[in-house]
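Residues annotated as transmembrane segment in TrEMBL: 6-24. What TrEMBL records for 198-227, 244-266, 281-316, 320-355 is domain 'EF-hand'.
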């Protein structure tokens, strides 16, 4: 059955490529004015800022290599400034623009990197459940989730190399130090909530051996993506600690309404262009949700009672993957049937590569991740 599907894919792909190659160039998406440009999204001062991963694994790999070099340079600047600044005048270290431009030249050489051919090759990998000749929102979400998981794990492995000082493949709490961007700024994200403290470390230590392996360390750095009950409970505990202004150990309605409810509502919000409802109109649904969560009826929310909404307070990569999938389908689904054919994908390449598409004429970026902020 798998061989038959592969033969059908190849036949359809060849037919589409033939039709495209012999049809008039009337689609602006194939304009020669557009150029693929690598992104540089890593920020040492705010690495928790979320950026969508590249759709194409090949592009993601190129960007990852560039990010590694940038990260290494910035890491040295933060940890060993004397090595970076101890240069003779006129010999400051410069970005490796030659390698950077060579990579961009590769992406814009149609003989080496042809967007249409890439989409034809990737289509059957995305159209997997079921392999029916169409890409659904769920299949596209799973695809983006796979790419994001690779990106996240790569960054975690890079961080682990820094903190695993005895090189035994594990990180102890004694080895771990909060990132310098946290130590230098007590107002940094997560500092007040104890994200870099021993309780967080212990919650990430699934087997309780006092050490974090790469899976546990990955959960430590990205708790919202963890399935560990210990870590999810810790997230709930930290939310109570952060929101509990009267210090009674629980969250009352006012504490819930002014902060947590907005996060839940934003997560559930489908229409990003809707008008902002008034304070009074929001109070009723907030009280309804509060009542649903308040299982013991004491008019307070405990750590355990926050568990059903913790995934909305701290969205996982699946949330962002679904956003990307929804956006892509909304832009490329020409016949509005809620799914994508191979032809629709080929006719709308800018949607899949828009994060790195730009116009040569005015250098305006076509960045789809702006849609998700």
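Including glycine, each Cβ sits where the backbone N, Cα and C put it.
A quick note: this is a predicted structure, and the numbers were derived from the prediction, not measured.
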For the domain 'EF-hand' (198-227), name the stretch out of 244-266, 281-316, 320-355 with the most CB-CB pairs under 8 Å.
281-316
Tell me, what is the mean pLDDT of the domain 'EF-hand' (281-316)?
96
